[in-house]
Amino acid sequence: MTKEKFGKECKICARPFTVFRWCPGVRMRFKKTEVCQTCSKMKNVCQTCLLDLEYGLPIQVRDTGLSVKDEVPRSDVNKEYYTQNMEREIANSDGTRPVGLLGKAPSSGDMLLKLARTTPYYKRNRPHICSFWVKGECKRGEECPYRHEKPTDPDDPLADQNIKDRYYGINDPVADKLLKRASTMPRLDVPEDKSITTLYIGGLGENVTDSELRNHFYQFGEIRTITIVQRQQCAFIQFATRQAAETAAEKSFNKLIINGRRLNVKWGRSQAARGKEKDGVTESGIRLEPVPGLPGALPPPPVSDEDASTNYFNLAPTSSPAVMNLGLPPPPGVAMPPPPGFGPPMFHTMDPMSPSMPPPMAMRPPGQVHYPSQDPQRMGAHASRGGP
């Protein structure tokens, strides 16, 4: 690292300051401070990359998340006067906290915690692209300290960055990209029904218990009931007040981790909204399409007996309705004629040696049962074996 006292002028206030220059690692480009300490302390940013020291985000993103509008004057006279007042305020402080409007801002924001970078970002230390390699004239080969890569698209907004716009928090393409990402992040909207005080907790797994959920949510307010549905691996937590439920939803949405599992937090539904549909339209206004292949709805019942119809299955009317001739069984004691083809023959054979046909069942004496194997005239039968 090299130190050069009053080596260059600050790119914001144009005053000379002490410049530090160093190499962050092997095959990395040399880096140096770009703004003075006073300008960096006024915005609580790094002197080299101009990113916030607490979240690692651009100034425009940080000010938007904290709802801070700190307008630094840009004219030479006003800038000098503003800088002198800020230097006096910095000298009277302990130097560990930001000054000005930023020092009075809230300590953290939900959006900033989601966008904050938690791991080091070493790509900003890479060397620049070799311009000779782009033109096909680099003769150093592997010994070239610059990158041999295809340059980025010149029409890309990230390729056109201005250090002053980044410091003042205006027209910063990196900040615009992060703010668009924040707008597409999932969020939990508060329901309009004030009677809803229940939160749905999904993705519990098999090891999360009632006491673990209570240990996390009791800090937000009084808990009325905790119901765990082990089959669905979810739970319903009902608070005593609506304010406690809103605080718990805000502090736990997309940030609740128990036993190494990130749990899903949503608002419960009111009793009136559960399954409430009318004419295929839900309470939220979403029209449900009919399922193909299912039969249509039955016709409404007739108002009077005269309008009653037997067409209960919506069958199409026909000119000649089908009539089925169903025979009724005979009364008791009356013999039923056999079906065609199963009765005795209607003619007598002329052969005297042919066996006689047994009498019909209706003409037999009561109690006598005829078996073909007991017929005495059957071939191989004996008279002694006859009889029942």
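Just so you know, glycine gets a Cβ as well, placed from its N, Cα and C.
Residues or ranges marked as domain 'C3H1-type' in TrEMBL: 124-151. Listed by sequence, the residues of this chain that lie at least six past the ends of the domain 'C3H1-type' (124-151) yet keep a Cβ under 8 A from its Cβ atoms are 24-25, 27-29, 31, 49.
Annotation source TrEMBL lists domain 'RRM' at 197-270. Under DSSP, the residues of the domain 'RRM' (197-270) split into helix, strand and coil as follows: 22 helix, 26 strand, 26 coil.
What TrEMBL records for 269-296 (among others) is region 'Disordered'.
Per TrEMBL, region 'Disordered' is recorded for 347-388 (among others).
For the zinc finger (124-151), residue counts in helix, strand and coil come to 9 helix, 2 strand, 17 coil, using DSSP. Look at TrEMBL and you will find 124-151 tagged as zinc finger.
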Predicted model, mean pLDDT over the domain 'RRM' (197-270): 88
